[in-house]
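Asks: When I checked Swiss-Prot for this same protein, it listed these features:
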- Ala35, Cys118, Asn156, Thr160, Ser210, His259, Lys268, Asn336, Ser370: (3S)-3-hydroxy-3-methylglutaryl-CoA binding site (BINDING)
- Glu86: active site, proton donor/acceptor (ACT_SITE)
- Cys118: active site, acyl-thioester intermediate (ACT_SITE)
- His259: active site, proton donor/acceptor (ACT_SITE)
Amino acid sequence: MSSRPQNIGIKAIELYFPSQYVDQVELEKFDGVSAGKYTIGLGQTKMSFCDDREDIYSFALTATSKLLKNYNIDPNSIGFLEVGTETLLDKSKSVKSVLMQLFGDNTNIEGVDTINACYGGTNAVFNAINWVESSAWDGRDAIVVAGDIALYAKGNARPTGGAGAVALLIGPNAPIVAEPGLRGTYMQHAYDFYKPDLTSEYPYVDGHYSVNCYSKALDAAYRAYCKREAKQANGTNGVTNGDASTKTGLDRFDYMAFHSPTCKLVQKSYARLLYHDYLANADSPVFAEVAPELRDMDYEKSLTDKVVEKTFMTLTKKRFQERVNPAIQVATNCGNMYCGSVWSGLASLISVVDNKDLEGKRIGLFSYGSGLAASFLSFRINGSVDKISDVLNIPSRLESRRAVPPETYDQMCDLRKQAHLQKDYTPKGDPSTILPGTYYLTKVDDMFKREYAIKE
């Protein structure tokens, strides 16, 4: 019997985001809010968006086709393909089925779509890894596509939008290895963010409650992860940062990526994990300056307590800049990609940090989707990621985008609203703004069938 696959994980990454963005400083002025409300309060710099020329099908087609092309992947070498998204164009037909046109005669590909707010991409990654680990595996690789177009009605939530998609090649002998058995998951019923109105792209959101749900999910998923890790107890849980007097459990992760509704929430969430370390070992010299009453604080109160937040944000400030900030460069410049968010964070990290500083390092990753579903997992860099970094080329691609004024962004939001669920429709957006190699919508016929072209 042949040996089972080893070092299963991510072998290649492609990232797509639209060619245009709105500057959050300009959006603050346009919305008439105080300076810094979006840029400092939310931690957002720019926000990607698209008009009616692009949709989740075009995003997924672009990301997947570029993954195949840029890594010279034979379409016949793919045996599993799954899509995570909450941007629905059809209540029956999957985005995955649309992508099948990229695979020619290779029709033997498992997987469909997986949906739960921003968590679908992570569930698709789990399904892909599980497939490679299973008796169903036929020796081929898997692809996961995670992406969305995040839009909100006018108001406080609109600056937390964004757009983009990530395509991941998953298989054995990967340079970014998913650490076997190390996952912690938390699932609950909650109405924090949901989309019951299928005639609209806009969600119903209880913002403060959703942040509370996110924090609870982070706590529970991290605790579940730590319990799994402790059970393994095989000597692989060593700390790579700090000495005995400065290390904490958080230091076992050299880098971290989070689902990023806003970059400010990511910063608070990283600090929250150190609070867990404090509760587990409050007598450590690391926490000598922490007020002792924080140890016995009621859990519900701790979720919103400003002293807890400020104390641990201060303690993690330097580590955040070194270990987490590289993973939010896409989020602060593109906004929230929903299902693609945490995976664009991983892409950002790989693209921004030098390969020599990544080899052999551990990456913690937290994924959250409202409603709610959340997981904490980890990867280890097992070899060079130079090829992935070169293909992603994120900093220069972000720099080459086109800024549009908030007035234009507002008009394009209205245009998408008018185009939503239309049939016998020709998009009104300007195709000249779309970059070469990008799929875009050309027509929706009277049977709702959608037609696309590739920008030459």
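Heads up, the Cβ atoms here are built off N, Cα and C, so glycines get one too.
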Asks: Reported as an integer number of Å, what is the Cα distance between Asn156 ((3S)-3-hydroxy-3-methylglutaryl-CoA binding site) and His259 (active site, proton donor/acceptor)?
Replies: 20
Asks: Take the Cβ of His259 (active site, proton donor/acceptor) and count every other Cβ within 10 Å, whichever protein chain it belongs to.
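Replies: Excluding its own Cβ, the number within 10 Å is 32.
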Asks: Looking at the active-site residues listed here (Glu86, Cys118, His259), whose Cα lies nearest to that of Ala35 ((3S)-3-hydroxy-3-methylglutaryl-CoA binding site)?
Replies: His259
Asks: Rounded to a whole number, how many Å is the Cα of Cys118 (active site, acyl-thioester intermediate) away from the Cα of Glu86 (active site, proton donor/acceptor)?
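Replies: Between the alpha carbons of Cys118 (active site, acyl-thioester intermediate) and Glu86 (active site, proton donor/acceptor) there are 7 Å.
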Asks: Quick one: pull the CA-CA distance for Ser370 ((3S)-3-hydroxy-3-methylglutaryl-CoA binding site) versus His259 (active site, proton donor/acceptor), whole Å only.
Replies: 11
Asks: Of Ala35, Cys118, which of the recorded positions has the most Cβ neighbours inside 10 Å?
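Replies: The residue with the densest Cβ neighbourhood is Cys118.
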Asks: Between all pairs in Ala35, Cys118, Asn156, Thr160, Ser210, His259, Lys268, Asn336, Ser370 (listed as (3S)-3-hydroxy-3-methylglutaryl-CoA binders), what's the biggest Cα distance, rounded to the nearest Å?
Replies: 29
Asks: If one measures from the C-alpha of Glu86 (active site, proton donor/acceptor) to the C-alpha of Lys268 ((3S)-3-hydroxy-3-methylglutaryl-CoA binding site), what distance in angstrom results, rounded to a whole number?
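Replies: Roughly 26 Å, rounded to the nearest whole number.
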Asks: Taking each of the binding-site residues Asn156, Ser210, Ser370 in turn and counting other Cβ atoms within 10 Å of its Cβ, which one has the fewest?
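Replies: Least crowded of the binding-site residues Asn156, Ser210, Ser370, by Cβ count within 10 Å, is Asn156.
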Asks: To the nearest Å, how far is the Cα of Lys268 ((3S)-3-hydroxy-3-methylglutaryl-CoA binding site) from the Cα of His259 (active site, proton donor/acceptor)?
Replies: 12
